[in-house]
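Q: The structure's right below; bear with me while I get my questions together.
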Amino acid sequence: METAGATADATAGPQKLSRKKYLALRKKERRKRRRQALARLREAELAQKEEEEDPLAEEKRLEEERLLEEERQRLHEEWLLREEKAQEEFRAKKKKEEEARKRKEELERKLKAEWEEQQRKEREEEEQKRQEKREREEAVQKMLDQAENELENGGTWQNPEPPMDIRVLEKDRANCPFYSKTGACRFGDRCSRKHNFPTSSPTLLIKGMFTTFGMEQCRRDDYDPDSSLEFSEEEIYQQFLDFYYDVLPEFKSVGKVIQFKVSCNLEPHLRGNVYVQYQSEEDCQAAFSVFNGRWYAGRQLQCEFCPVTRWKMAICGLFEVQQCPRGKHCNFLHVFRNPNNEYRDANRDLYPSPDWTSSSFGKNSERRERASHYDEYYGRSRRRRRSPSPDFYKRNGESDRKSSSRHRVKKSHRYGMKSRERRSSPSRRRKDHSPGPWEPEQEEPPQQESQSQPQPQPQSDP
């Protein structure tokens, strides 16, 4: 096209081309015609070749189309299967969701019905309780009106009897052994056993009357072991002595006191309890009327009659020999030692009582031996000026056990010597009917054994 344009320009133009340009243009035209001829020839050859190969190409094309159609059909069938499976899964899922929805609605309906039924029952119970309360109030008001009418008419008033079912329930329960022995139970009103509160007793109990800083701080030992450094056992015992000389004359002013004990237990239900036993119940009742509600050391005293009359069962025997395995958790009485061992015979139930006969005075020698043992044991305690406590026993238990074992060996050796002396001189004893020098010592080893190893007592709560 450019050549034609150039030729047209050349012929149309007013000026002629130079020979050189003219020859170049002609050469270009010849090359163009030659290329066109070659292209026409090539196209003719291709057409002829295609005509020769046309049956094979058609068959190949048809085969390819057939394979493509089969592949398309196979893919379509697979898609249909997948679609059908997906539809089935969808329908199953919808069915499960519908069933779950129905179950949820049914459950909600049941819960709502149960809640409404429960609310209805609660309303009925509340209404019944209110009705019963109104009936009781009406009965009480009727009883009060009747009592007022009787009082106005000159009648007498008395409290009504308790229900019979409560009495039957109390009879079926077993007695609490610790309340019967010590007058206190660590469970208190929650105890499953029966506490027989006496209406009259020769023993008066004042709970928590004796309090010191050391006894109050014992509750902090579990999480503050250094609290024991702020007080000493000597100070606690000195405070007990001051308390003893302060309160005992007041108790003696009411009647004859035959036992006075102050508990040094660390358990809350026994800590600082004061036990005062009078010779008669009348004196104890008089003391109750005098001291109950009275104030001492900034606290109001609450007195009660105590069932304890046998101190041998109440006092922990192992504590006296510094071998109590329960320590501060013992539920038997750990008591302070009274000055001059006062009322020491009452610790073993040896105080004289009205039912004693003249035959009981034949045991004077036994009591003298026991008293001498108490003097020997408590004399060492007075020199130490220390009140018995679990911590003190824990530090000095080993040395005291060694000394007590040596003491028992010495006593047994003396007993053997006296026995040999007794066997060597039978004629002299027959001649002289008075007891020989060995006879008081004959009872000494059993007394020593009974003092060093007291009667077995349960040391834990049932």
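Keep in mind that glycine also has a Cβ here, set from the backbone N, Cα and C atoms.
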Q: Just to confirm what the record says: which one of Ser353, Ser434 has phosphoserine annotated in Swiss-Prot?
A: Ser353
Q: Identify the region 'Disordered' range according to Swiss-Prot, selecting from 44-66, 67-89, 182-204.
A: 44-66
Q: Within 10 Å of the Cβ of Lys49 (SUMO2 cross-link), how many other Cβ atoms can you find? Include all protein chains, please.
A: 10
